[in-house]
Amino acid sequence: MKMKNATFTVSEFILQCSIESNQKTIMISALAFIYFISMFGNLLVILVIILNPQLHAPMYIYIGTLAVIDLANGSILIPKMLSVLLLSSSVVPYAACVLQIFLLLHVEEMESLLLTLMAFDRYIAVVYPLHYPLAVTNKKVVISLLVLNIFAISFKLHIPIFASELSFCHTNILPFCFCDYTTLVHVSCTDDPKYLIPMITGAIVYGVSPLILILLSYSRIAIEALRVISSGGKSKVFSTCVTQLLVVGLFYLPLAFFYILPGAGVTITKELYNVIFILGNAVPSMLNPIIYSFRNQEINKSIHTLFIRTRSTTIRRK
């Protein structure tokens, strides 16, 4: 760092995980386990969806996309977190730090938007079943995902611009295991609120609004399900809703603690802040494929069939 007019020109940041040394071994082991299960589970879900033509349908395209997002989320965060925990601190170039911020925000926003699309998909399937085949097609699903990607990327183009404008006069140390835009602004000497307003706007556009739409969709689905005469029909609808709501809860609850509590003035330790963020981002990526593997019969059958074929092939070769 070079001093210039009482400020520093920062070319790199130092990440420091505020986690007690006696807990680091547990956290490292847990993260390594979570990363392995997450990679294996999500790749398996993607593989069975690709290999089984019966799963080439809108709902499974959404599930496969969620698995891709979970793979990206884990790969963006966990390897770097492990290196920080192993080394106690880690030096990250400025550009790499900004890139991690951008990618992390993108996968979080895309997952939020994807869960909203999945809620709409189930809403149309349950409330307007006769219109579903024409209203929701594979082509429309793929186009909607591409449009949302472009929209989400465009909405975050201010991040690298604002990050390049920040000036630092005290430290280049970030007290967390990852690069976070809000922390970057707080560590800097910049008091201009314009740097935090986009984050608040983004939280409303990509966090609060989608969650409201998701809850409204599933509330309407629940009302419609109660009108179904057959108990089997009710069970099927509620089973689908429970699966989706489990995934929604796993995604939103940790983020709510991570973003809302500090914003509401609730004081939490840096160590707890790190643990909430790590578990909140890493655990859902591991549990999502497990939930769909156990609760979705088609994916469950496809995985079972895949392993039977693999085992049969291995036996024949022997």
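Backbone N, Cα and C atoms are what each Cβ position is placed from, and that goes for glycine too.
TrEMBL annotations:
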type     : residues : note
TRANSMEM : 28-51    : transmembrane segment
DOMAIN   : 41-292   : domain 'G-protein coupled receptors family 1 profile'
TRANSMEM : 57-78    : transmembrane segment
TRANSMEM : 85-107   : transmembrane segment
TRANSMEM : 113-130  : transmembrane segment
TRANSMEM : 142-163  : transmembrane segment
TRANSMEM : 195-216  : transmembrane segment
TRANSMEM : 237-260  : transmembrane segment
TRANSMEM : 272-294  : transmembrane segment
Closest-packing stretch to the transmembrane segment (113-130), where packing means Cβ pairs under 8 Å, from 28-51, 57-78, 85-107, 237-260, 272-294: 57-78
Beyond the flanks of the transmembrane segment (85-107) by at least 6 residues, Cβ under 8 Å: 10-17, 19, 24, 27-28, 31, 69, 72-73, 76-77, 152-153, 156, 159-160, 163-164, 174, 177-181, 184, 202, 281
